[in-house]
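S.K.: My questions all concern the structure below.
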Amino acid sequence: MSKQSQQPQSIFNAALLKGALRDSLKKLDPRTLWRNPVMFCVEIASGITLVTFVMSLTGANREPAWFTGTVSVWLWLTVTFSTFAEALAEGRGKARAASLRKSRTYVTAKRLDKAEFGQNYTTVGASQLRKGDLILVEANDMIAGDGDVVAGAALINESAVTGESAPVIRESGGDRSAVTGGTTVIANSIIVRITANPGETFLDRMISLIEGAKRRKTPNEVALEVLLIALTLVFLLVCANISPLSIYSVKQAGHGTPVSLTILVALFVCLAPTTIAALLPAIGIAGMDRLFQKNVIALSGRAIEAAGDVNVLLLDKTGTITHGNRQAVTFVAVGGHSERDVAEAALMASIADETPEGRSVVVLAKEQHGLVRETPQDAEVMEFSADTRLSGINLAGNQYRKGASDSIIAFVRKRGCTTVPGDLTEVVDRIARGGATPLVVCKGSEILGVINLKDIVKAGIQERFLQLRSMGIKTVMITGDNPLTAAAIAAEAQVDDFLAQAKPEEKLRLIREYQEQGYMVAMTGDGTNDAPALAQADVAVAMNTGTQPAREAANIIDLDSNPTKLLDIVEVGKQILMTRGNLTTFSISNDIAKYFAIIPAALLSIYPQLGVLNVMRLASPFSAILSAVIFNAIIIPMLVPLALKGTRFRPMPAEKLLIHNLLIYGVGGIIAPFVGIKIIDMVIGMVV
Amino acid sequence: MIMYDWLQTIILFAILIILTKPMGIFMMNVYRGECTFLSPILCPLESLIYRICGVDRQEAMGWKRYAWSMVLFNLVLFAALFVMLMVQHLLPFNPQKVPSFTWQLALNTAISFMTNTNWQTYSGEQAASYFTQTAGLAVHNFLSAATGMAVVVALIRGFVSRKTASIGNFWVDMTRSTLYILLPFSIIGAILLVPQGVIQNYSDYKTVPLLQSTSYDRPKVDHKGIPLKDTAGKPVTEHVPIQEVTIPMGPVASQEAIKELGTNGGGFFNANSSHPFENPTPLSNFLEILLILLIPASLTHTFGLMVGNTRQGWGVLTAMLLLLVLSLGSLQWAEKSGNPLVSRLAVSGSNMEGKEVRFGLAGSSLFTVATTGTSCGAVNTMHDSLTPLGGLVPLSLILTGEVVFGGVGSGLYTMLAFAIIAVFISGLMIGRIPEYLGKKIEVTEMWMSILVILTAGITVLIFSGIALVTPSAVASMSNPGTHGLTQVLYAFASMANNNGSAFAGLNANINFYNLLGSLAMLLGRYVPAIAVLAMAGSLAEKKYIPPSLGTLPTDRAPFVIWLVLVILIIGALTFFPALALGPGVEHLMMIG
Amino acid sequence: MKDIKPAILLFIIFTIICGGIYPALVTGVAYFLFPKQAAGSFITDKSGKVLGSTLIGQPFSDPKYFWPRPSATSDFTNNAMASGGSNAGPTNPSYIRTVSDRIKTLRDTGVTGKIPADLVQASASGLDPHITPESALLQVPRVAKARGVSEEMLIKIVAQTTEGRQLRFLGAPRVNVLVLNHALGS
């Protein structure tokens, strides 16, 4: 899949519409439609009107055929609109799935017997690979299935899965050993142990998820459906009850006709919560699709809903809250040296240091003191080693070093220094307390000063956390730092809590603790040692760069491996739930206007007094009923964009959000049909 | 006039709200098994009862066992009353020698009292002996009320419990409800009513002379009871002079107190609480309204206390009060406006048909709203003779599930079911999987809440539909046209919601209403009650989720208003056509 | 099944407590504290003969008595053995006819102007012992004429018999018809 296809697709793209139209007709099959009980009832109702239409034609029904016919057409349209909405949502997924599937055609694999390079291999089709098989993948080969690298390291293009064209490194051992079927090796060779049978691979699962083929109703969807079914049943009985009511009333009033079957059926369809029932499947599918646009794959709809409900986020400090790397922000002189001296020594000690920290020292020296140096030819570079825990260069007899305070002190002591500057300890402590890392700089046996290396909190992250807090979501920073540093960064980023010197088992314990207290916990992870915690978390987002166990334990995969995605996932989860709630409210609110349109029309012949209920002043009983039916039908396609995009999410406290949505979808839901039905009635008046 | 109407109303609410807190605390202590000021007297009695019955008060029940115990106990209630009514003529305390009930009437009455409905198709002073009234009907008044209270307490425990299967012990809840709450307050209520003139005796009916004698023409009947007709086909009548009247007696005060306190509503006399011996003064009327509302209102505070946030209880109470004020205002307005068909005959004042002078408009309206907002069903005003829109008020209060304070227990659990539906929709609207009082609302809770709030409505729709096309059912109407339709609708609404009041012109003592009505009462009582217990079981097993900023607060104004709207909208959508064709058209006809 | 035993035994125990002890206790206390009210608020003449209950309205149709509210009890009006209202619906044509007839009866006695509703609409119990003071005053001319006494005297008696709002705010002002008519006789 190219980057281009991830641009939000226009909802009404011609090819998509055509496919959706075809599928929507297929979905009218009662054997599949019964899975949506409300629309199934509407289909039966449509069938009944078809019969009354035929009876009108043959004269067995005294209602005019144009009326029963039109009602029947619009009721069938109502059902079709609903299947169309679902088909359209699925269609968008299918288009993506198709491009994914393309990447797997005709893949062959080089099967090995032993995990050693230089052996003979047999060429087999990808479909013949089984769990545990070993395959050799060389440059420009496509990896035939999911697996772990057991030997070698290679540069891999994963754009087929992630859409990201920058190649990534995969190597045996460690946390970067997982490879995905369908991706391509660009350089080097690796041997991969297959971890999934054909049809069960990550790509396969993704395809079926995106297509919606394996989509199961989430518990919340089922609960909402319970409400919708109950309402449908009630309205069915209400309409059935109107029959005896009108028969009795005709007898008592001595004139008029009992309400006809066509009108009862039309009323039923108008009252039944068709709007939400028609769009319910589309909302869920579209939600997954929206996440996919953000390069996030949810392995179940349930996981997204849970994400909407999360109230504790466990966030890794590095990469999520801070930029991955520490950066030099100031030079602090000690022992009476000038800051420029420190900068110069620091620059020299870092000039050959290609780590981000080292580069940031060079940049800072240039920015603050205009110092620029080339790496001298005759310099002896001292790389960081676990032994000395120092780095720097030796140049013209001068030994420039930077490192942790105790390492540098040991270093200068060895070179004959007897007195460490008195203010060093104080400076080092001050910097550490501030959540930064003090790197002491020395030249030969003399300690010049300290580099203040700081974790830079990402711009805007505080606002983000503030928003989360206002939504009732607690953020917890997870870091391997010492508590002092962690506390300082936590305070700066304004997270609610932090876990310092975190070990995997402590993460797991923390999650359990929160869950015990009733919180829903989300976390991101990538390493194998994160797997238990991921499995425990309610919403577990695994980085695509992560290991296979981590991905197995997660229920959401982030293809971009960008930890801040968690926030997007929460948002989409909320959007799905909100869209459901808002459309339900809208659907039910609509009924008020429909009653005012249909009841006076249906009963006018018995009690002319009921004309006062015709508040919309609709032209005639027939056009009143038709207008309500038509409004009820066309509101579905009109709301399809809303269902597919989701209602806009604004972070605000629950109560404010409720009032806001009630005003739009509740009050709006009451007013809209009054206006809509009146307009349709006027249009009918012009046509007829 | 208007000033006095509202003064009485405001004072009533003020007293009610003042009583809610101590009464709520008291009931919480009762259900937590803690000591109350009554414990010194009642504790030994309670222990004795458990010992006799073999009840282990520590034993916890799962919801199924709790529900089974409830059903079993109610079966015993039914069987005992049914038999008692069938052999009434053989039992003592029957000074008027009243005969036994027919089996259909006995069935209907036994079910009616067991289900806390107290729908009566017999006339108390003519058909029931003192033994039936006290040892039968009054006992059911206590025990059916206690059943409702036990069910709601189980539900509250469901909210409070964390990850447990137990929702309490039915026998203990029953016993404590009756012994500590219903009995003491009935005694107080009865003794307060007597000085107002509510009678309390076991005397024979008393015959007194008339100051001015009167007479009437009685149709002559042959030995088979068939009216005789003369050759012209006109009924033959005989002139009967009347010099004295018989005034019925009985232990009324004791009956009256529990009938209101337990929101039962079965009248000692046919005229129910409009009868001067049941409700002789404006003050007795005031007391009776207070008794009706006392437990249902206070239970909201008990609920708040038990779930650990009294604001939740006050929130529910506020929603109830809002509905009450809305209903009361509408009713008073409709009745004050009077009946144009009568006022154009040069008659002044509000509609007085079916009302008593002593209560005034406020006393009548308050009682009417209180009795139908709860599942009481006692009446001091004949609802049948209210103006169409006036009659719409009690009818709507019943049809919306009697949640304006509601029946003892049943009102609160129905309200909580509504709250769950309201929470569900509003929870979605704010983007969360809905939760109420820290418990996630999932499929089980939805099913059960739906059963609680829709069973009665569905029963009404089906049964009233059947009635309107059944000739014998239509023939029972005492008023023609739209009003007859309302009578039938009201009858099934009242029975299915276990209210018991009636548009009493309908002759409901025919097999159709006795039998179908019995079914309606059973469905309306036990389907919701068992659903509530199932929900309690499901809730008890869930973990507790602490509220956060993202949780919708259910104890604040927006949710309370939303809850009220949900109740009104569900009610209106379900009954719009029926109400339009009944009271709606009648009103339009009346105003011409 | 082990729950059958408590079901039956608990029912029996509560029948004894709530159905036997409770009403008996209330009866005892009531007779001790309020014997008159508990027995039915009967009034007697000087010789001790029971004249009726102040709470149970009696039928009057003679012009020399104040008339009570219309009553819909069966057989005859204010029949204490058949308490109940008319249950007439507000638009029932036969009910409107009944009201018209009552108005006509009153008009025949010389009543002019608006008639208070309580005098032409039936009470809820059929035994309502009261009428509104307006309704009583409306009847004064007729009673005065039939009895040959002055209207002023009757108005005074009506005023004496009128009960105000209970505790000054409850209910409505009212006149007890039976008490008023007995007061006339003396």
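Any Cβ shown, glycine's included, is placed from N, Cα and C.
Residues or ranges marked as active site, 4-aspartylphosphate intermediate in TrEMBL: A:D316. Among the features that TrEMBL reports, ATP binding site is placed at A:D353, A:E357, A:F384, A:S385, A:A386, A:D387, A:T388, A:R389, A:L390, A:S391, A:K402. Residues or ranges marked as Mg(2+) binding site in TrEMBL: A:D526, A:D530. The annotation domain 'P-type ATPase A' is assigned in TrEMBL to A:118-211. For A:37-59, A:65-89, A:222-243, A:263-286, A:592-610, A:622-642, A:662-687, the entry in TrEMBL reads transmembrane segment.
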S.K.: Quick one: Cα separation, A:F384 (ATP binding site) versus A:D526 (Mg(2+) binding site), in Å?
M.R.: 27
S.K.: Taking residues 6+ outside the transmembrane segment (A:263-286), which of them lie with a CB under 8 Å of any CB in it?
M.R.: 36, 38-39, 41-42, 45-46, 48-49, 52, 71, 75, 78, 81-82, 85-86, 88-90, 92-93, 212, 215, 217-218, 221, 224-225, 228, 231-232, 235-236, 238-240, 242-243, 301, 576, 579-580, 583-584, 586-588, 590-591, 594-595, 598-599, 601-602, 625, 628-629, 632, 635-636, 639-640, 643-646
S.K.: With DSSP assignments reduced to helix, strand and coil, which class does A:F384 (ATP binding site) get?
M.R.: coil
S.K.: What whole-number Å value do you get for the CA-CA distance of A:T388 (ATP binding site) and A:D530 (Mg(2+) binding site)?
M.R.: 31
S.K.: Where does the residue listed as 'active site, 4-aspartylphosphate intermediate' sit by DSSP, helix, strand or coil?
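M.R.: The residue listed as 'active site, 4-aspartylphosphate intermediate' sits in a strand per DSSP.
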S.K.: Per residue, counting other C-beta atoms within 10 angstroms of the C-beta, which of the recorded positions A:D316, A:D526 reaches the highest number?
M.R.: A:D526
S.K.: Sorry to bug you, but what's the C-alpha spacing from A:D526 (Mg(2+) binding site) to the residue listed as 'active site, 4-aspartylphosphate intermediate', rounded to the closest Å?
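M.R.: Per the Cα atoms, the residue listed as 'active site, 4-aspartylphosphate intermediate' and A:D526 (Mg(2+) binding site) stand 11 Å apart.
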S.K.: Between 0 and 100, where does the mean pLDDT of the domain 'P-type ATPase A' (A:118-211) sit?
M.R.: 79
S.K.: Do any residues, 6 or more residues outside the transmembrane segment (A:65-89), come within under 8 Å Cβ-to-Cβ of it, and if so which ones?
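M.R.: The answer is 11, 16-17, 19-25, 27-28, 33, 36, 39, 42-43, 45-46, 49-50, 52-53, 55-57, 212, 262, 265-266, 269, 274, 277-279, 281-282, 285-286, 289, 622, 625-626, 629-630, 632-634, 636-637, 640, 643-644.
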S.K.: Out of A:D353, A:D530, which of the binding-site residues is least crowded by other Cβ atoms within 10 Å?
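M.R.: Comparing Cβ neighbour counts within 10 Å for the binding-site residues A:D353, A:D530 gives A:D353.
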S.K.: Are there residues at least six beyond either end of the transmembrane segment (A:222-243) with Cβ under 8 Å to its Cβ atoms? List them, or say none.
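M.R.: Non-local partners: 37-38, 41, 258-259, 264-265, 267-268, 271-273, 276-277, 280, 580, 584, 588, 602.
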S.K.: Expressed to the nearest Å, what is the distance separating A:K402 (ATP binding site) and A:D526 (Mg(2+) binding site) at their Cα atoms?
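M.R.: Here the two Cα atoms are 32 Å apart.
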S.K.: What Cα-Cα separation, expressed in whole Å, is found between A:D353 (ATP binding site) and A:D526 (Mg(2+) binding site)?
M.R.: 28
S.K.: Quick check for the class: what is the C-alpha distance, in angstrom and rounded, between A:L390 (ATP binding site) and A:D526 (Mg(2+) binding site)?
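M.R.: Cα-Cα, rounded: 30 Å.
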S.K.: Secondary structure at A:D526 (Mg(2+) binding site) (DSSP, helix/strand/coil)?
M.R.: coil
S.K.: Relative to the Cβ position of A:L390 (ATP binding site), how many further Cβ atoms are located within 10 Å?
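M.R.: The Cβ of A:L390 (ATP binding site) has 22 Cβ neighbours within 10 Å.
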S.K.: How many of the residues that make up the domain 'P-type ATPase A' (A:118-211) does DSSP mark as helix, as strand and as coil?
M.R.: 17 helix, 35 strand, 42 coil
